[in-house]
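Novice: Take this structure first; my questions come after.
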Amino acid sequence: MAQSVTGIQIGGMSFPPSVKPPGSGNTFFLGGAGVRGMEIQGNFVKFTAIGVYLEDKAVPALAVKWKGKTAEELTESVEFFREIVTGPFEKFTQVTMILPLTGQQYSEKVSENCVAIWKKFGIYTDAEAKAIEKFIEVFKDQTFPPGASILFTQSPDGSLTIGFSKDGCIPEVGNAVIENKLLSESVLESIIGKPGVSPEARKSVATRLSELLKESDHCVAGNGKVDECTKEAEVKA
């Protein structure tokens, strides 16, 4: 896979072109980044800066259907972002504070959003209720000053590794692992899905992946599966 990936600076925060997240032995590339904020009395107030990283094999997997699509087409496609969220590759999301936040504030808001959506679609079960309880417990005693980060590593097998960083460094090991596929996927979808909390991150991911998919070398077999005839990624700082 021929990738030219650069870092992004946004909201005063810097996201490097590649990271090795907690809970994974792989190095991921920066798919995109954006801020989360809202209009308050006529001013756009930024709360967090969010970076979305993907495992290298995301590009050939997505190229089968989406290569050649414009950034605008990808930005507006619900199906494209569902494929990112549910695809057979790892994802890593870094949520860095611009304004201070408590763990309780963060976990309760995420939990409320997830449960409301699950109940709407009739997919909220005892397993999800227990996963939400654990999710809230992990954050209970945490505080996040500006520059601190919440880290989510999402495995396609359904595990969600949660980590924290107060010094800008990415730890090798997470603070907790929750085994619930629905929660794992919902955390990312709540950010880049439609409607997600960061339209800016969604647009950034679509724009960068549109270019990476154009550059990608991939072979599609007759069964529609990808044969990776790819080159090593070229990651530019």
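Here the Cβ of each residue, glycine as well, is placed from N, Cα and C on the backbone.
According to Swiss-Prot:
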BINDING   Thr48, Asn113, Ser190  substrate binding site
SITE      Tyr106  site 'Important for catalytic activity'
Novice: List the Cα distance (Å, whole number) between Thr48 (substrate binding site) and Tyr106 (site 'Important for catalytic activity').
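Specialist: Distance (Cα to Cα, whole Å): 11 Å.
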Novice: Across all protein chains in the structure, which of the binding-site residues Asn113, Ser190 has the highest Cβ count within 10 Å?
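Specialist: It comes out as Ser190.
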Novice: Given the recorded positions Thr48, Tyr106, which one is most crowded in terms of C-beta atoms within 10 angstroms?
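Specialist: Selected residue: Thr48.
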Novice: Name them in sequence order: residues not among Thr48, Asn113, Ser190 whose Cβ is within 8 Å of the mean position of the Cβ atoms defining the substrate site.
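Specialist: Counting only non-site residues, the set is Arg36, Lys109, Val110, Val187, Ile191, Gly196, Val197, Ser198.
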Novice: If I take the alpha carbons of Tyr106 (site 'Important for catalytic activity') and Asn113 (substrate binding site), what is the distance between them in whole Å?
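Specialist: Each residue's Cα considered, Tyr106 (site 'Important for catalytic activity') and Asn113 (substrate binding site) end up 11 Å apart.
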